[in-house]
Amino acid sequence: MSKPVNLVLLYGGKSGEHEVSLVSAASVLKHLDSEKYHIIPIAMDKSGRFHRHDYNDLLACSDKLPVVTEKSTPLEGLLINGRLAVDAKIVFPVVHGPLYEDGCLQGLLELAGVAYVGCDVLSSAIGMDKDMARRLACINGLKSARYKLLSWHANASERQQFCHEVASEFGWPLFVKPCSLGSSVGIHKANNMDELNAAVADALRYDEEILVEEFIVGREIELAVLENSIPCGKPRVSMVGEIKVNHPDGYYSYTAKYLESSQTDLIIPAQLNNSLEEQLKQAAANIFSYLKCKGMARVDFFVNDKTEEIYFNEINTLPGFTSISMYPKLWQATGIAYPDLLDELINLAMVHHNCRQHLVTNYL
């Protein structure tokens, strides 16, 4: 038997999605094969400090992983002298939100010369920005909800004018979203001007730019995409899943996702006609390719109830891995077990790392 690969499981972080990361990390830790990998859990607290854990100390943590314990060891940083602070060949990031999904972490790991799971700097940065992702995803005629952008730098008068303009153009209700955040953090459904003003103020607490979009009446659809292990092969796309929200919030809010998930139904496979299913799969594969994604992504759509018209919602280049997260659930239903999915993602990461290592960087 070959020697286990040293693998860092990185979780936590300075982000509004910190708690989600702890839950995802517990699920990944549970499904990683300890005979294949020597797992080194490293947590990042909300102040940005790193803490190393012993794998065996966390095995009993089934719901979420701790950030600091009596047995954890503080690290001076993730890197020391430009290299990873621990002896590991690959990093599996299970961190969400700005700094972690937007290319910053990916760039840091590339500078350190270490392999990492998931999308690279470019695709992570594009995918994290809802505006930029939509611009590229919709270049060939695919639609998204109409929206307008508002900057944190807008003064009170400009914000008020913006709110009146979007309400006049799009009507009610409206959705307010931070441009570069996930897990429905900072997202609000506004049914009137008072709610819109409050939603805008709250969303701007989380991001420098927000978008306000029209409400699309329709079904909420998600697909998981996995890079092909065959070089230049087409991305693999899972069967189609649907989210049905029965929560009082009226949409797939943070509360509906994680705190009161029993009021949300994840339907796999979604009940769609064959033509619509194929259109969605092709759209998901195309978007994965347009954004030059690597490893994995989850692509979300809305489908109009009456016309069956497809609207791109967003792409998540570092999707959740909790026990209720759609990405692993979709692949399990499609035929790839959770541990096998993790193995595939790690193998893909090693392939990309090996490619980068063979690039010429000396021009003399």
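Note that the numbers count up from 1, one per residue, in the order the chain is shown.
The backbone N, Cα and C atoms fix where each Cβ goes, and this holds for glycine too.
The feature domain 'ATP-grasp' is assigned by Swiss-Prot to 134-347, with sequence analysis given as support. Annotated ATP binding site per Swiss-Prot: 167-222, in sequence order. Per Swiss-Prot, the feature Mg(2+) 1 binding site maps to ASP300, GLU314. What Swiss-Prot records for GLU314, ASN316 is Mg(2+) 2 binding site, and it gives sequence analysis as the kind of evidence.
Features as recorded by Swiss-Prot, highlighted on the structure.
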residue : record                : DSSP (3 states)
ALA167  : ATP binding site      : helix
LEU174  : ATP binding site      : strand
LEU181  : ATP binding site      : coil
HIS188  : ATP binding site      : strand
GLU195  : ATP binding site      : helix
ASP202  : ATP binding site      : helix
GLU209  : ATP binding site      : strand
ASP300  : Mg(2+) 1 binding site : strand
GLU314  : Mg(2+) 1 binding site : strand
Over the domain 'ATP-grasp' (134-347), what does the predicted model average in pLDDT?
92
Can you give me the Cα-Cα distance between LEU181 (ATP binding site) and ASN316 (Mg(2+) 2 binding site) in Å, rounded to a whole number?
10
Students should find that the Cβ of LEU174 (ATP binding site) has, within 10 Å, a number of other Cβ atoms equal to 27
Just give me the nearest neighbour of ALA167 (ATP binding site) among the binding-site residues ASP300, GLU314, ASN316, Cα to Cα.
GLU314
The binding-site residues listed are ASP300, GLU314, ASN316; by CA-CA distance, the one closest to GLU209 (ATP binding site) is GLU314
Among the binding-site residues ALA167, LEU181, ILE216, which residue has the fewest other Cβ atoms within 10 Å of its own Cβ?
ALA167
Is it possible to get the count of other C-beta atoms within 10 angstroms of the C-beta of GLU195 (ATP binding site)?
16
Return only the integer: C-alpha distance in Å from GLU314 (Mg(2+) 1 binding site) to ILE216 (ATP binding site).
14
Please list, in sequence order, the residues in the chain of ASP202 (ATP binding site) that are at least six apart in sequence and whose C-beta is under 8 Å away from its C-beta.
VAL176, GLY186, HIS188
